[in-house]
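Colleague: One structure follows; several queries about it will come next.
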């Protein structure tokens, strides 16, 4: 028989294993182990920087491939081409060979070149197209300006001759007289510059020109109607066409310089109208050609990207896995002489067989004669905590892990949490109808588990989806507690005959008191006749308060018992006698007694005795304030018993305080007296069971030993660096720790019991809120009649239903869940949870892909 | 119909249920989860039921209501 099966009760047994892997198949072995996902590799090169490690080169290459794949993805997103979903691939898990990876790398390299060259030419063409469009605008605008200006050359001449005349006279003003229109500008030695400039620069442009040329220019501009798209940024820029006339070559050159420095594009325009017409024709035909070429390029690019998109997701997964493999290989140490990789990993002892068979498979496939060796090594290091979960238990375990990682093989509170968490929730949330809604929602999420887990969910919903099984349990228990509370959407659920009857003569104006059916107790839950009575809160408050105390007591006693199980498991009897027993006696003699008194008081028929029932709160208070004095008697001999219990509780405090530290000191002194000294040496880890160091050096020439020696050296070196393990015994430290524990425990017994009263408070609030909601919506509609009544009914029903779901189920549910969470983390887990473990982080492709999903 | 003995009968029923759950839980790696969940649920539910039962066993107050109408009382007789 192997080790016992791993259960949720404790974390799994772990073994530290050492693997000797032949260098040639290192990659395949690690890849196979990644598929298994049960090994947590230790970093044997932690003192080596990331750049000096063995496989940095490979990782860099894969990084490059990954970048290329991301580039394809970005290009596809830009072009709006969908990627084939990762779930459509059938055999994702087939591990690729090294040559396939190489092929993939080469392929993505060539594809990248192709895509980027296509992209480049596309962008050049696009730029060309923009230029031509701009030119066309300039030709058109400038042409119309020339046509208009032709008539006014004479005036321009005049103004040039006359120094005092304003340089620019409004052109429109003198539209009428058009004489000598055929005279060319060149005759007058007037040059011009035409182009386009971004609209926001036009003001600055004008001002600069005006100042530098001292007004010796004539400028005309016009807005281009549609924005011009910049191919590099894909953004539209609105631009203006301008044309500037000036006198003299130097001034023209100056204007050119200024406009270029301001980001304007200049285009040549002929002043002759025929030539201009030819130019426009030419530009148009070139634009046409360009558009054809552009659409061709775009089509090729899209086709290429679509082809890539078909397998891009698979490539991404392959590369991710490959990179993870090399990162893991970097944690191994490499034996130069023997060309072997040495790895160390924690793995569950139960998985060793599976690991060995997997390695054997890999070896066989590679056809290697040298087997991969798996060694279990003995160590004093604390193994990591690994609790195997399934999709049902995962959510509950996450609740526990969120608080802290359990110590290796301590009792895992995740197991009882499966019941206690939803149950305490339900005590606060108890309503049959709300429970049904919650159960249905959880069932729906479980039914559509697969499609939901693949889609993208928003944060709140994905949280609910993650906890769907918790929700299912919460819903079921809420239905149960709802029946116990006899509440369904705040209305009663009359399952059985009531134990109360109204009197036969009924007077609507007087307070009616129900009388009891003799010898009959309502068999299940609270009697429905309490609903809508004047004093139902009086009854239910007393009941729910006591319910909370009893529930809390049961939960805390239950949790405290796990500390006994833990102490037995870790074989430390001092924790039983110094912590568990006095703690338990202390707790039970106060709060166990309170629970006893509650139950006792319930089970006595006080009216039949002709006695007033005593108040339990005062009883508990006077038990401490005036021991031995009982004001209202609950039972005979009460005073004596209370004194005994009080003495028991008080006497437990010094035991709790001193027994453990003094026992530990005694043990320590005994050990020192026997000649043991403080441990200064580092932890010994050895793969050699029966050989000592001396024997090893003697047999140093033997092959097998050199290897193992290497391994041993490595481990000790590694451990020497920073792990604590054996601490010096320090009495004061132990004492302080125990003092804190004692004070905390005793105070917590009181405060935690009181804390369970939240069960009452929350359930009261939930019930009252649902009553108010009913009264404010549906109850109003029931009071109306006729067509208005029908209309109001429909509207108010929707309102009621929406508020029930969102306020009562979602909001109230969240708050009850948080309170239940607190009761577990603080009230229950403080009783036994040690939680100083290290989480097990296996190297697993599955986890890797879950953490960084390929979308 | 229901009196003080119900508590004991309920207790025995839950003990029997726990025993059955312990032995009838499906074998395999989830056996522990089945056992713990079934037994713990049964005891939690029993505890809740028993507390409610106890609270109504010897009630100290009776329901009171103002404005009770005769037809209301009839309807509520069940």
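Yeah, the Cβs are placed from backbone N, Cα and C, and that goes for glycine too.
Annotations in TrEMBL come from automatic prediction, not curation.
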Colleague: Any idea which of A:423-448, A:501-526, A:605-630, A:683-708 is down as transmembrane segment in TrEMBL?
Modeller: A:423-448
Colleague: Can you name the far-off residues of the same chain, 6+ from the ends of the transmembrane segment (A:639-659), with a Cβ under 8 Å from a Cβ of it?
Modeller: 574, 577-579, 582-583, 585-586, 589-590, 593, 623-624, 627-630, 738-739, 741-742, 745-746
Colleague: Residue list, the transmembrane segment (A:797-821) vs rest of chain: Cβ under 8 Å, 6 or more residues beyond ends.
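Modeller: Long-range Cβ neighbours of the transmembrane segment (A:797-821): 399, 421-422, 424-425, 428-429, 431, 433-434, 437-438, 474, 489, 758, 762, 765-766, 769-770, 773-774, 777-778, 781.
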Colleague: Using Cβ atoms and a strict cutoff of less than 8 Å, what residues sit near the transmembrane segment (A:577-600) while being 6 or more residues removed from its termini?
Modeller: 546, 549-550, 553, 556-557, 560, 563-564, 567, 616, 619-620, 634-635, 642, 645-646, 648-649, 652-653, 655-656, 659-660, 663, 741, 745-746, 749, 753
